[in-house]
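What Swiss-Prot says about this protein:
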ACT_SITE  Cys110  active site, acyl-thioester intermediate
ACT_SITE  His402  active site, proton acceptor
ACT_SITE  Cys432  active site, proton acceptor
Amino acid sequence: MLRAVSTSFGTARAASAVAKKNMPNIVLVDAVRTPFVVSGTVFKDLMAVDLQKEAIKALVEKTKLPYEQLDHIICGTVIQECKTSNIAREAALLAGVPDKIPAHTVTLACISSNVAMTTGMGMLATGNANAIIAGGVELLSDVPIRYNRNARKAMLGMNKAKDVPSKLKIGGQIVKNLLSPELPAVAEFSTGETMGHSGDRLAAAFNVSRREQDEFAIRSHTLASEAAKNGKFTDVVPVFLDGKKPKTIKEDNGIRVSTLEKLSSLKPAFVKPHGTVTAANASYLTDGASAALIMTEEYALANGYKPKAYLRDYLYVAQDPKDQLLLSPAYVIPKLLDKAGLTLKDVDVFEIHEAFAGQVLANLNAMDSDYFCKEQMKRSGKFGRVPMDKLNLWGGSLSIGHPFGATGVRLATHSAHRLKEEKGQYAVIAACAAGGHGVGMLIEAYGK
């Protein structure tokens, strides 16, 4: 088991069982997010870069971070705007960050801001930085819709046309294809299947009923509503919208507590007519951004910061995107805990990304299945079941929302805050992503 000496705020403390030998402790100093809102609503007139700017700016103000202490900025995003292809850099400049501080953008579907965080962790661990802002953003109110390929080829060919007949011919091809635009892909490139279809098949494979999915969705919205009312979402920062009717957006707007009767009346959204995934038990299109300040513990303490949590370890996994697209949590949680020398019982807080209610419940069933764990994970037996009284107690992506590039930081922040409130020691984050990818992160309470 790896051990290293850790310190609490200004004072030495006992060694942590999961700290890595001969490597600096990495800490989450603080994090923020804009309100997560339903796409097409209050943020519909903004660009993604505007939201990421707001998150970075708010984080700097909240932490009182002097720019001379900041080494690098990393942001994740999925559906990119061509004008801001390196959105991290553009957002940083708009936020007033000095142009001498580098910034780059990463992407890995729904775990893009996890990649931003772990990339930063690597830079900190190797001594290439002391302080990094890691975040992410998605704005699905406005996505790049382009002309189809035939129209694009014709447009590019127009420059080579040398006479009027040739130009008229190419012009006809352009006009012919104008009414067939290409929307951003919603299906897996390798399989042609949408995530919703995959979620439906996964729920069926692991015997998750429609009722169980609807009940889990109601649970998510109910817990998120209670958390919001009780002031738990201290990571949310307001966004001021200028215009003819200026207003300030202060809270998430997709949390809606409903009843089982209402949810059961909805028709399947993907596999018709007998599917079980509906608009209510799936996460919705969301606009939002997040940003986290991470440092080495030594640097944080030397400069007067009080960290919220240790970022102890992480692990990425990948599997068959056809049959196991959304099963990453079931693979990564056992592997991550094995790597850390911990057991299921050692974990006090779980934050699992809720792409679909059925996806979360299927992963819980998979980890509690002798057959799955023996056949697919080559374990001696089932790993065990994640207790519901430790899982997503402030709601999750089903209720709070899921801006693809921003969710990872939200998961880390809620884990850190829950550890403090619940007086726990270890938290585990797990999330699936397109391509059959997944991530797990191990977080330890600071000063525990």
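Including glycine, each Cβ sits where the backbone N, Cα and C put it.
Everything Swiss-Prot records as a feature, shown here on the structure.
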{"residue": "Cys110", "record": "active site, acyl-thioester intermediate", "DSSP class": "strand"}
{"residue": "His402", "record": "active site, proton acceptor", "DSSP class": "strand"}
{"residue": "Cys432", "record": "active site, proton acceptor", "DSSP class": "strand"}
Quiz item: Tell me which residues of the chain lie with their Cβ under 8 angstroms from that of Cys432 (active site, proton acceptor), as long as they are six or more apart in sequence?
Solution: Cys110, Ile111, Leu325, Leu326, Leu327, Ser328, Pro329, His353, Ala355, Gln359, Asn363, Gly438
Quiz prompt | Neighbour count (Cβ, 10 Å) for Cys110 (active site, acyl-thioester intermediate) | solution = 29
